[in-house]
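J.: Just passing along the structure, written as structure tokens.
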Amino acid sequence: MKLTHWIHLPLGLLLALGLAPDEAQAHVKWFSKIVDCMSAPLDPWPVLLKPLFLALWLLTTVVLGWVFYAERLLLPLFRRMHVWMAPRKPAGQRHMATLLRLGVAVYFASLMSGLGPRHAMLTPELILATPWIPACQSLIMVSVLWRRTSPLAALGILALYAVGMTQAGWFHMLDYLYFVGVAIFLLIDALVPGRHRHMAYTALRVAASFSLVWVSVEKWLYPAWTYDLLQGDLQALRFGLPPDLVVMAGGFVEFTLAFLLLFGRVSAQAAAAVFLLLMAAAIPVAGTIDAIGHAPLLIVLLMFCLSQNRLGYRGHRARHGHDLRHVLTFVIAVPGVMGLYKLAHQLAYPATPAVPEGSWLVACLCASLLLVHLLRTAPDWWPSRLRTLRLRSRLSGRDGGRVGSGSPTLSDEVRQA
């Protein structure tokens, strides 16, 4: 790596936050003229071994470690704040669901208003001139306004997503997995509200985080698409920095924010706020298409700004300072998701060159470790009886069997979250 890269490395990572509204948060596939999903992405392992990538990876890991450390120091303050807000949570959650339904209605109204591309279906780049598509989107727009009829809207969104998979391919639609999360949220909120509402938030958070992580990896494995934007109207926004530094740093900014959105506590709300600001700042540059296309995701991020991350607070290991696990998970997630991206492309387009067998094994191993950590961090996904037995075992081990003590117990902490 050149000396100038080392000098500009911290500056590039910081400027990536400023450049992200233009070259990152404006969806590359909507504006680049050379996008071709059938073309093979770069092999992950040469990208991982680039000195610039390794330096950014190390720098981001250190920053993430400090974020989790600072978060742990502030955790008692936020626990008291959440206890104070506990009586207000049910009403707040109902307002969040209403906000999402209104946002979905406005989004589909915008798609059919003629402000965006004509015959757009679900996303700005999916064009399908079929008579039943406007009828379906009109049904979604109207039925989503009421909780009782919102399951119809959810089924309509899933139907459009399935049509998008048949038209553009399932690999292309992985960028928009958050639509599936929105549909699941609407179904759970309408059919099994109350104590099951947290499952709706979890599904929405996982789907949105996956979409954001997936798009960030695209900048590493398809850098030419973003280079096309930086060499065009956005060339002045590089501030003289090398384009590979800007693109790689932008990918790390997005990847890290999406990771915090999934595993962070108060940092999850901060990451959602940063994403929200970056996407809103992209609208004056990218125009109406970007405003319409990102409208559902903007609403979802606003919900995450105003609500705590149950995954972050419910993970008992995160609560007791084992934040090193999250940092190690981030280190594993970078090659794991890159490997999954390459494997998914190979499965979607078998005509591309075969992936070496070793890459399959490494990618599957990293992805499996990431999935295991996610499941261990989300006790709500396990059967309730198994969770109860595990909590009792940890409680007896920590308190020496003194269940009747007046000090707060682990089960009390989990219940408060």
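Every residue gets a Cβ built from N, Cα and C, even glycine.
So TrEMBL has the following annotated:
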TRANSMEM  52-75  transmembrane segment
TRANSMEM  96-114  transmembrane segment
TRANSMEM  126-145  transmembrane segment
TRANSMEM  152-170  transmembrane segment
TRANSMEM  176-192  transmembrane segment
TRANSMEM  204-225  transmembrane segment
TRANSMEM  245-263  transmembrane segment
TRANSMEM  270-289  transmembrane segment
TRANSMEM  295-312  transmembrane segment
TRANSMEM  324-344  transmembrane segment
TRANSMEM  359-378  transmembrane segment
REGION    397-417  region 'Disordered'
J.: Would the transmembrane segment (295-312) count as touching the transmembrane segment (245-263), if touching means at least three Cβ pairs under 8 Å and pairs must be 6 or more apart in sequence?
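T.: Yes, the stretches contact each other.
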J.: Hey, which of 96-114, 126-145, 204-225, 324-344 has the most Cβ-Cβ pairs under 8 Å against the transmembrane segment (52-75)?
T.: 324-344
J.: Given a Cβ distance threshold of under 8 angstroms, which distant residues of the chain, six or more beyond its ends, lie next to the transmembrane segment (204-225)?
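T.: Non-local partners: 24, 27-29, 32, 34-35, 41-42, 44, 47, 53, 174-178, 180-182, 184-185, 244, 247-248, 250-255, 257-259, 261-262, 275, 297, 300-301, 303-304, 309, 311, 333, 337-338, 341-342, 374.
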J.: Under a Cβ pair cut-off of under 8 Å, which of the recorded stretches 96-114, 270-289, 324-344 contacts the transmembrane segment (152-170) most often?
T.: 96-114
